[in-house]
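If you check TrEMBL, you get these features:
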TRANSMEM  B:21-40  transmembrane segment
DOMAIN    B:105-310  domain 'ABC transmembrane type-1'
TRANSMEM  B:109-132  transmembrane segment
TRANSMEM  B:144-167  transmembrane segment
TRANSMEM  B:187-207  transmembrane segment
TRANSMEM  B:245-271  transmembrane segment
TRANSMEM  B:291-316  transmembrane segment
Amino acid sequence: MTIRNGISRRGLLAGAACMTAAGLILPRASWAQPGPKRGGSFRIGQFGGATSDTIDPATFAAGPVVTAMLAVCNNLVEIDAQGQAVPELAESYEPDAEARIWTFRIRDANFGDGRKVTARDVVASFNHHRGDDTVSGAKGALAQVRDIRADGDNVVVFELESGNADFAYLTSDYHFIIMPAKEDGTLDWQSGLGTGGYTLVDHEPGVRITLKRRDDYWKPDRAWFDDVTLLSIGDPTARQNALMTGEVDAINGPDLSTIHLLQRRPGITLVEATGTAHYTMPMFCDAAPFDDVNVRLALKHAINREELLEKILRGYGRVANDSPIAPANRYYAADLPQNGYDPDKARHYLKQAGHDGLTLELSASNAAFTGAVDAAQLFQQSAKAAGINVNVRREPEDGYWSNVWLKKPFCMGYWNGRPTEDDMFSLVYARGAEWNESHWDNQRFNELLLAARAELDEGLRAEMYHEMQGLVSQDGGTIIPVFVNYVDAHNDKVAHGEVASDRFFDGWKLVERWYAA
Amino acid sequence: MSGGAARSRPLRRMIGLRLGIGLLTLFLISVLVFLAVALLPGDIAQQILGQSATPETVAAFRRELGLDQPLPQRYLGWILGILQGDFGNSLANGRPVADLLAARLGNTLFLAGYAAAIAVPLSVLLGLLAALWRGSWFDRGVNVVSLSAISFPEFFIAYILMFWLSIRLGWFPSMADPGAAPSLAEMLGRAFLPAVTLVLVVTAHMMRMTRAAVVNVLGAPYVAMARLKGASRWRIVTRHALPNALAPIINVIALNIAWLITGVVIVEVVFVYPGLGQLMVDSVTNRDMPVVQACALIFAAVYILLNITADVLAIATNPRLLHPR
């Protein structure tokens, strides 16, 4: 104990030397290499901040708060640039033979106030999202967990209802940051303390968050900037101007319609990553006319995906094949036949379903995603050629997710996607899933889902997920026209290595991963 | 001078009466806002949880915040708190509403004061000069320029100013957020572009009203008398015409200042200025009732107070208004 405290006080160099000696898991950049260097400040302009923001991980919204808290805290596991799960605050982890009991060994690390992180804190951090009284958006993801217990100070054991080979990935979800526990075992999120490379100095909701580097961070090759400021800038033009005038060093979500102008500015670099985010158009498979798979196929062939990619996304995306599994996922099936725009084929499927023409109502709102109404209108035009009349019903943006999505039989939607096939499929495509937005129920798919979840043999899993993607694509009730790229921009004062593709801003971890150029 | 004391008493009575009516208005507004927010589809639990709302988490959220209680009971709890000076806590992030408001209100008042300090003298002066040189190129020029400025939407003016003065010339920052602990000079520099945007938006209104009121008075017989006795044109306008034209000018100035405090959310968004408007819009989106209510009360109070001030000043400068026929 005394030795560790001595190290933390002696500052980074001593700490780094010691950590390196202790053997490190992340072999990326090292001190000898040119590139990352300590120092400097970093100002980030991000959208999605609101005056209602809180640092409670249960009700996080995907704005500057999450980016900041992922720098203040660690997860048990993080996703690296290759999309692989690597241990973070967990030193190591292992499943039992059925992938049902998962044992995580917690590393030696301190919270911002010097306290040592223990298994108790980890248990509290997860229990915060479980139980009847939780308000957590991540509650569903932990429904599979039967019990979480601490085994001594450094070991946490998760007991699942059934085997899940991907459970480690799940713990990288931004909700599951590790914060200290209170005396009574509940989570002390109000403290704002974590084991990450930065401490929270100031948080004015919807305005700015200020972070300061910790000298005793356990990762030697992360957290380069001395101080970091995250500003909430909701207006895309204001965000771009702030970048151009040097008020901030990096922004996310530049306006795609003027991005060519931004790109022309000297010193500005775009960072683009094809992740798992995608637009969806769910159809209720248990309601006419969508209960006939031929109608679903007709609609899948009546949408012009290339046009959406070009006009809505300005090319910053990728055509999708009605399956939510993206090239960034491990078991992406690249060789499935592509559903393309083909009015004749669409007519053919309509005939099969016994329709001469078809009139549908499509609910749309830009709350689903920016440009959703335009996308619906483009679909209206392309579907007309196939004899399908789509009436675009413009819904209010306010309350869209509670009043329209999951309620109307055919609407526009959006998913950030998930790092694992199992997570994505069980969340939205499994029978009875809370968010099964298309009410799809395919027996073979549901069987495969359970089998693949507990399968530890990579080859067999790949085969199963391949078949499932085929099923979703051909039989599923959701049109998935395109994957959306994460686009960020930064100036020449900051630099970075290969960026992760699981979120924008280098997997939301730019605060600790990027460095001064 | 003996009339002074007699005159101030009815004035004082009028102020008292107006303040009483103002309080009643505030109460009615609080009821209306409460009902209006309650009528909006969805509640804070659904808004905050967004796409990830499930029936159980929404129910847990409502339980935690006491939203499962009936509407009248919630209103009563809120108003009793207000009467004891407790604005309550934000439903969204649990922070005291008073804390949330304090910094924002300061920023908003600063920006409004900054803009008004430029706009009011500028527009009154321009209005006087335009009245003085009625029909001249100056009169027409000022009218065309100020009317053009008011005709553009404010975000357009804001973007144009930002483009030239910030991105092209680099004289002023494009973001007005002053940071955590700014100096006055820094605040003035950072808030310059939004202040100028607001000045361009409000000047025309006040300038035109000044010009119209003064021109109106300039046709009166006593102005002709002043001219006959040989007073200079500037003296006629400032000493004879302006005091008699003050009432409508004060009214329009008060309305514009009220707008500067309550209606500048677009300018706040474009220049990333943390003011009250943004706070209120965010809170309405989230159905964060205590914050919406507090903002609405502040805005309503600003309007009521400025209107009372305008009336009192108008009467003080023109005692005839105290005795309506």
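Using N, Cα and C of the backbone, Cβ positions are placed for all residues, glycine too.
With Cβ pairs under 8 Å as the measure, the transmembrane segment (B:187-207) is packed most heavily against B:109-132, out of B:21-40, B:109-132, B:144-167, B:245-271, B:291-316.
Across the candidate stretches B:21-40, B:109-132, B:144-167, the maximum count of CB pairs under 8 A to the transmembrane segment (B:291-316) is reached by B:21-40. Against the transmembrane segment (B:109-132), the recorded stretches B:21-40, B:144-167, B:245-271 differ in Cβ pairs under 8 Å, and the greatest number is found for B:245-271. Here the transmembrane segment (B:21-40) has Cβ contacts under 8 Å with residues 71, 75, 78-79, 82, 284, 287, 289, 292-293, 296-297, 300-301, 304-305, 308 of the same chain, all six or more residues outside its ends.
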